[in-house]
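As given in TrEMBL:
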| type | residues | note |
| --- | --- | --- |
| COMPBIAS | 7-18 | compositional bias 'Low complexity' |
| COMPBIAS | 36-64 | compositional bias 'Acidic residues' |
| COMPBIAS | 169-186 | compositional bias 'Acidic residues' |
| DOMAIN | 96-164 | domain 'Histone-binding protein RBBP4-like N-terminal' |
| DOMAIN | 314-445 | domain 'EIPR1-like beta-propeller' |
| REGION | 1-64 | region 'Disordered' |
| REGION | 164-186 | region 'Disordered' |
| REPEAT | 314-350 | repeat 'WD' |
| REPEAT | 360-402 | repeat 'WD' |
| REPEAT | 413-447 | repeat 'WD' |
């Protein structure tokens, strides 16, 4: 399968690489020169005919005529300089080179700047329908800021609208797509905010099952924030969404600007790991896991009578808990990863709050992120501080007290050359996932792709760094990428956040 990168290298000055100007093939012929005196006439055209192919037979009189040549204006256009595909880790940009996105490999691509960096976000469900393909598109996300001072931080609900199809060059466009809905117009960014004391380390929204509508405005739609102060706040953001959709709607600040609940069990230890699980469409039955830098994990549940955080933490890790994921198939099971280089599997019903299985040396360094496959529930992704990505079969993990050998990953990739900051399986395609790294790359992968012999030969001969066949796409252009998520209602749409804002894009590869 062919792979396309997001960017091409374009020289800022092409004087050294311009081809020489062409000489017109049908330039002015020599002027006729007559003799001074009577004598033999010189044939003015004899040196213009160099072979039999330079003349064609005329009409019945047998006279020779000049071959019809192209017009001058058709031959003097200079070809555009060839562009090189930029391969991270192989190419180094020169002083006169910049990266330019290749829009022919995007179906949609937009960049959105924000006032304060938002280094964590989550995609919100909406009532615009599932599996939608039409443009312009609309998306809702919730995020938290990293402001200059603690008091300036906010929880922000964004509405991204007028997301049009990316305009292509004429030769790249299909006639069937040339209609009014494909105009490449500027997107619209609207937002509503909630004051938040302290920077927001991570944001996660209450999960809603597929095909479930957004809760009515009278019911809560919860979002949790991990604050740098060591507290986890739960907010009802449903009024903010209503305010974005309904002109003149007045937000009840007593409902939305005050946390519905705060987890104080972590003390003053901040954290990053957090994940929701739900047993239904309502808020009753919600479960929230939160992990801190002191290796403790706490469970909070939501019942009709309110929120409750269990006093006893889960304590098998020996260093900072970096990420948490509930099992998509077993409601009492979850996974965690840690700076102690391990991935642990837990069951909330087990006594002693200890893990029931694990991978003790999952990576060569800190394990930063994990993602549990929703379709193939025994597959787990992990991303490490060394830049490695690994795929694990949880049926082979070591149970506590077992003497079985440590499992090996079913797949392993070392494309990224800096810590993996986020990783997530595609919501419906069980072999596809997205990852982001501190090397300013967002990558899309497909485990179902295999490399054929011709591709293997081309890679070996032409590239000093082998491109894995499973690597479908490399998106670049953001600085210090922190999180990436698929949009569950817009197939193939990816949203990423970085120090310089948000990107939302859809490629031709997925």
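Residue numbers in this text run from 1 along the chain shown.
Cβ coordinates come from backbone N, Cα and C, glycine included.
A TrEMBL annotation is a machine prediction, not a hand-curated record.
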Mind checking which residues of the chain, 6+ beyond the ends of the repeat 'WD' (314-350), have their Cβ under 8 Å from one of its Cβ atoms? 271-277, 279, 287, 289-299, 356-374, 377, 380, 382, 392, 394, 397
Sequence-remote partners of the repeat 'WD' (360-402) [C-beta within less than 8 Å, at least six residues beyond its ends]: 319-320, 322-330, 335-339, 341-343, 345, 354, 409-425, 427-430, 433, 435, 437, 439, 445, 447
By Cβ distance under 8 Å, which residues at least 6 away from the ends of the repeat 'WD' (413-447) in the same chain are close to it? 1, 88-89, 366, 368-376, 379, 381-391, 467-468, 470-476, 478-486, 488, 491, 494, 496, 498, 503, 507, 509-510
Going by DSSP assignments with H, G and I as helix and E and B as strand, what are the residue counts for the repeat 'WD' (360-402)? 3 helix, 19 strand, 21 coil
Helix, strand and coil residues within the domain 'Histone-binding protein RBBP4-like N-terminal' (96-164) as assigned by DSSP: 6 helix, 35 strand, 28 coil
Under DSSP, the repeat 'WD' (413-447) has how many residues in helix, strand and coil? 0 helix, 19 strand, 16 coil
